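S.K.: According to Swiss-Prot, the protein carries these features:
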{"type": "ACT_SITE", "residues": "Asp157", "note": "active site"}
{"type": "ACT_SITE", "residues": "Asp310", "note": "active site"}
{"type": "BINDING", "residues": "Asp216, Asp218", "note": "substrate binding site"}
{"type": "TRANSMEM", "residues": "57-77", "note": "transmembrane segment"}
{"type": "TRANSMEM", "residues": "389-409", "note": "transmembrane segment"}
{"type": "TRANSMEM", "residues": "412-432", "note": "transmembrane segment"}
{"type": "TRANSMEM", "residues": "522-542", "note": "transmembrane segment"}
{"type": "TRANSMEM", "residues": "548-568", "note": "transmembrane segment"}
Amino acid sequence: MSSSGGGGVAEEVARLWGELPVRVVWAAVAAQWAAAAAAARAAVVVPAVRALVAVSLAMTVMILAEKLFVAAVCLAVRAFRLRPDRRYKWLPIGAAAAAASSEDDEESGLVAAAAAFPMVLVQIPMFNEREVYKLSIGAACSLDWPSDRVVIQVLDDSTDLVVKDLVEKECQKWQGKGVNIKYEVRGNRKGYKAGALKEGLKHDYVKECEYIAMFDADFQPESDFLLRTVPFLVHNSEIALVQTRWKFVNANECLLTRFQEMSLDYHFKYEQEAGSSVYSFFGFNGTAGVWRIAAIDDAGGWKDRTTVEDMDLAVRATLQGWKFVYVGDVKVKSELPSTFKAYRFQQHRWSCGPANLFKKMMVEILENKKVSFWNKIHLWYDFFFVGKIAAHTVTFIYYCFVIPVSVWLPEIEIPLWGVVYVPTVITLCKAVGTPSSFHLVILWVLFENVMSLHRIKAAVTGILEAGRVNEWVVTEKLGDANKTKPDTNGSDAVKVIDVELTTPLIPKLKKRRTRFWDKYHYSEIFVGICIILSGFYDVLYAKKGYYIFLFIQGLAFLIVGFDYIGVCPP
């Protein structure tokens, strides 16, 4: 009975279907959709990807030309020994005054030599620098310079009252030793680092100073730092800035720090050297440099309109006709961020800020009348467009999007020189900065491609002035934190101890309660999966031969996405 009933229902449905005025033919609908998709692909997708290929190849060639130019300049500098002290006048401070005094009057000669030392301000901006505050303060207070001709200024924006107390006591300790050190705080953090530096220049004692040496909290200059840098400013009135090289105390801590060392060594050894030698301009690195105060005033002082106040000041100073000199022989020890979280925040600031500054100053640069046409072209094209925009965008668009997408589109052909030869030459040009890490080049390139996702998002944010454009997160420094031994009871609590007093201060528990899903970086995971799928498609269908690159690049995205890079903070 149930079967006959079921058969009757089926017959009724068939009768009603047959009476419909328009019969739905699913195969025809599918064919229509396929035809529409093919038409859209031919009319929109393929031309768009071809345009991206052309733009990517053009930008890659621009970057190659810039790297070859930098390499040629640095080769010439080394071949002809065009050191800074051969291009500019350099004499030891006080030597001329001492020589001019009577040889019979040794005391008057020493007095004259001491008087020849200019007044120097040493600024150290800080923000909750619990692990490293003693490093820069101790190094600054140990600089070889007449004690009555230098002022150490600690600009503490800390919000942690315990840290504030520690920093103030450290300043008082050095003050008790006869060092002219000033501990300065302000009521708010307006303008972040730029605001602190600007506020620091308003004190009356600064009016007596001619030059400013700047160090971040983790930087440790050698005692002869001022003796080797200030003479360039004293004997060359056209020089506004002397920038020195960073040297990293924790470069061998993990792969993340090794990769950073490779990138920054190239930046200092080649990019800064070339800019100084040819154009007398480069981007101020924000620390380990000495400024002429008159040049800062002439450029309009510190501005907090972007997160790269150091680059902002440098560009405005060079547009006023001032020159910069890079002294690579002087190295200042510093710390690299060893956690991926800290590194991401730093790279966001370093990518977003320049793009935002370029947008604000592109017209001003072209309209400037005080610098030569070629200097304006270098500033606009080489420094900003190629160095800060193209380099941050083409890496992701080309290697992480265009090449994987081309696997799915047989109509797209990328020339071999654009896939192999040009990228190889660019990589080799950059890898020479750290010969000891040459065996890590492939891993370094893969990691840089992964970071390009973060950098392109930051650059777009800067250009559009959206979202986190003015976000300032101080780069976390671990100091010796990773060497801290766990408590005897097995807990993760860490007591903050003043190593000189050897008595605990206010104990502060640091508990890691990060939810496991907060550790992952989902955009990197998504891109990694897409690239690996493209690799499988290439193996099975496309046969373009990109699959080896796609597999290892996708794996690199997944490794970073699952946070298997850097060290775990204590």
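Just so you know, glycine gets a Cβ as well, placed from its N, Cα and C.
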S.K.: Report yes or no: does the transmembrane segment (522-542) come within contact of the transmembrane segment (412-432), defined as 3 or more CB pairs under 8 Å with a sequence separation of 6 or more?
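M.R.: Since fewer than 3 Cβ pairs under 8 Å link them, the transmembrane segment (522-542) and the transmembrane segment (412-432) do not come into contact.
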S.K.: Looking at 389-409, 412-432, 548-568, which one has the highest count of Cβ pairs under 8 angstroms to the transmembrane segment (57-77)?
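M.R.: Ranking 389-409, 412-432, 548-568 by Cβ pairs under 8 Å to the transmembrane segment (57-77) puts 412-432 first.
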S.K.: Give me the Cα-Cα distance between Asp218 (substrate binding site) and Asp310 (active site), rounded to a whole Å.
M.R.: 17
S.K.: Report the same-chain neighbours of Asp157 (active site): residues 6+ apart in sequence with Cβ closer than 8 Å to its Cβ, ordered by sequence.
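M.R.: Those within reach of Asp157 (active site), by Cβ under 8 Å and sequence separation of 6 or more, are Pro125, Met126, Phe127, Val185, Arg186, Arg189, Tyr192, Ala196.
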S.K.: Looking only at C-alpha atoms, tell me how far Asp310 (active site) is from Asp216 (substrate binding site), rounded to the nearest Å.
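M.R.: So the alpha carbons of Asp310 (active site) and Asp216 (substrate binding site) sit roughly 12 Å from each other.
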